[in-house]
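See structure below.
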Amino acid sequence: MSFIDPYQHIIVEHQYSHKFTVVVLRATKVTKGAFGDMLDTPDPYVELFISTTPDSRKRTRHFNNDINPVWNETFEFILDPNQENVLEITLMDANYVMDETLGTATFTVSSMKVGEKKEVPFIFNQVTEMVLEMSLEVCSCPDLRFSMALCDQEKTFRQQRKEHIRESMKKLLGPKNSEGLHSARDVPVVAILGSGGGFRAMVGFSGVMKALYESGILDCATYVAGLSGSTWYMSTLYSHPDFPEKGPEEINEELMKNVSHNPLLLLTPQKVKRYVESLWKKKSSGQPVTFTDIFGMLIGETLIHNRMNTTLSSLKEKVNTAQCPLPLFTCLHVKPDVSELMFADWVEFSPYEIGMAKYGTFMAPDLFGSKFFMGTVVKKYEENPLHFLMGVWGSAFSILFNRVLGVSGSQSRGSTMEEELENITTKHIVSNDSSDSDDESHEPKGTENEDAGSDYQSDNQASWIHRMIMALVSDSALFNTREGRAGKVHNFMLGLNLNTSYPLSPLSDFATQDSFDDDELDAAVADPDEFERIYEPLDVKSKKIHVVDSGLTFNLPYPLILRPQRGVDLIISFDFSARPSDSSPPFKELLLAEKWAKMNKLPFPKIDPYVFDREGLKECYVFKPKNPDMEKDCPTIIHFVLANINFRKYRAPGVPRETEEEKEIADFDIFDDPESPFSTFNFQYPNQAFKRLHDLMHFNTLNNIDVIKEAMVESIEYRRQNPSRCSVSLSNVEARRFFNKEFLSKPKA
């Protein structure tokens, strides 16, 4: 039976934009007036401006001493057809100091019909004639993908990966336990999750991945999802030129060397100057800049210093043949004045796509950060390097550089990152990058001549760099406001219609809801206001959005894996989150994930926090659906926590420690020791600290391989009993209004 993906038939409503094309053809008899022409021959150019579109201002090149210029230059504007769009045409004269306006005219775009193309003459000063060619068409192929379904590339990956996993599971589990794997359809979907926790999470996850690789578990996984510190390890691993041919063991040796150095070495004046020069280039191109950009550079220099030009898109070559699990990364979109725990949209990143499932909007990775309007790119920038994304994914730790540098807390209110930059730049900076302004919209028409400006731009840049360095090492709001710490990108959903809300689980009313009452949903895990505003939409009028570390809401990347389109059967999660002590209950983040899932009607096994009281601290806990027959879509969760229990006694599973040296190396606490090197804010790991944490999680994982294997066998059996695990019957559809009419009218087989 072929698999039908019902999600591809759900309509994600969006309105098509219009593309307005203007060709500036020519002008004749350009004049500065009788007196002006006596003094100088015009150097004409044309400015085009439409205030209702983000990339609003365009200009032609200028011709020296030419009263009959022929430009033949083409410009495109993406327009909202519901707006009153007016084209302002300005004829300019380029001068060395200040350009001069020679005349203006306007054209109402709504006077044209879609599909129409015509030449329109404009008269300036009763003498000059300028001719423009204009055309209007519908943008029927937006750059955003509007869909609730997985992208075709991920679907192809899943099919290829299932064949690989089927053989790997047979080898791992043996003939008896894998006899249910008759075809790829019987293969359960296994996901591995890593939490946040700074370098502690990164180092711990390195030990986990080594164990999963050696044991063969990694070959049975479809996804590896990370958050914050875990994404740093995933980025290091997947960007390594020798992975997956070379396993984590050798790559982890390189990692240990990289994190043994003092991070202050990365903040020498010479290196900071290089960082800021890169930021100058980015800012000058019209992109927002925050301290997260610098933080990403520092993380990149530490972990992937010899591949700083690597991009997320380039990681596709690691997964295109399905030889390793698909990596999934995450950050949050947040609102400037609302707690992340109250409101946050989860943004997912893969080598194939970046987007927000809540709105059914996705884009190719190389478009993230570009300027969009109504789903169409209006200004494309170079793809952000992987280290920039690493800074965004772990941006909560950008504040730690206050501590590293000894910067005291600034109490200045209302001082944004952009205002801070404005204070230390000159008026010649290309864009002021204010949080919600459009640079081009606010440029004065009489601007300095570009050629003249180039003569002293380098001096201004040098001054900007000098002041930026001073800001980095002084008491600065750059460090002390969310505006300064949070990443910021152009809003790729600018101008979209979000009147329709799309639940993350639009197709089913899961039976798990029956066992989860309103009192439980109202019960607070960490904060009385947690998730209070998660149903609110993104502001589609804001020109830029804040993107921050997902750990600021909860520290496990379950939202990526719980998308029903991915149909995950078994989740193996590793939680490196900080706890008050080694003996503290380890379920806070998991309980937050459970509550978030229930509020989004996503299947999740009941988490019983009292298992800690009954069984004490363990290396891992297993949570299963209470009633598998009724909860067919509910995954099983194996939850590993950061705990040093059996590792103190055994150097390998079943192999006791014998010498005093072996016992001493394993005798350490993680959270109880006030001198512990495993603090969330520690970004330097001596070799011994690295090996201790790495080997601890390597041991804990290997020590529970049988638990993982048993869960895999059960997942195979669940698949056998529920062959339509990934598909959804229309009889279970909760929100049929989302389906297109053609799909609903088809006869049911």
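Here the Cβ of each residue, glycine as well, is placed from N, Cα and C on the backbone.
Note that this is a predicted model, so its numbers are computed, not measured.
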Legend entry - Among LYS19, LYS601, LYS606, LYS618, residue with annotation SUMO2 cross-link (source: Swiss-Prot): LYS606
Legend entry - phosphoserine per Swiss-Prot (candidates: SER505, SER676): SER505
Legend entry - In Swiss-Prot, the member of SER56, SER437 to which phosphoserine is assigned: SER437
Legend entry - Per Swiss-Prot, the candidate from SER285, SER435, SER583 carrying the annotation phosphoserine: SER435
Inset, instruction - Please state whether DSSP places ASP93 (Ca(2+) 2 binding site) in a helix, a strand or coil. - result: strand
Inset, instruction - List, in sequence order, the residues of the same chain other than ASP40, ASP43, ASP93, ALA94, ASN95 whose Cβ lies within 8 Å of the centroid of the Cβ atoms of the recorded Ca(2+) 2 site. - result: PRO42, PRO44, HIS62, ASP99, GLU100
Inset, instruction - Using the structure shown, find which entry in ASP40, ASP549 (the recorded positions) has the sparsest Cβ neighbourhood within 10 Å. - result: ASP40
Inset, instruction - Rank the recorded positions ASN95, THR268 by the number of other Cβ atoms within 10 Å of each Cβ, and give the residue at the low end. - result: THR268
Inset, instruction - Taking helix as H, G and I and strand as E and B in DSSP, count the residues of the domain 'C2' (6-122) in helix, strand and coil. - result: 13 helix, 54 strand, 50 coil
Inset, instruction - May I ask which residues of the same chain, at least 6 positions away in sequence, place their Cβ under 8 angstroms from the Cβ of ASP93 (Ca(2+) 2 binding site)? - result: LYS32, PRO42, ASP43, PRO44, ASP99, GLU100, THR101, LEU102
Legend entry - Collapsed DSSP category at ASP549 (active site, proton acceptor): coil
Inset, instruction - Do me a favour and check the Cα-Cα span between ALA94 (Ca(2+) 2 binding site) and ASP549 (active site, proton acceptor); whole Å is fine. - result: 46
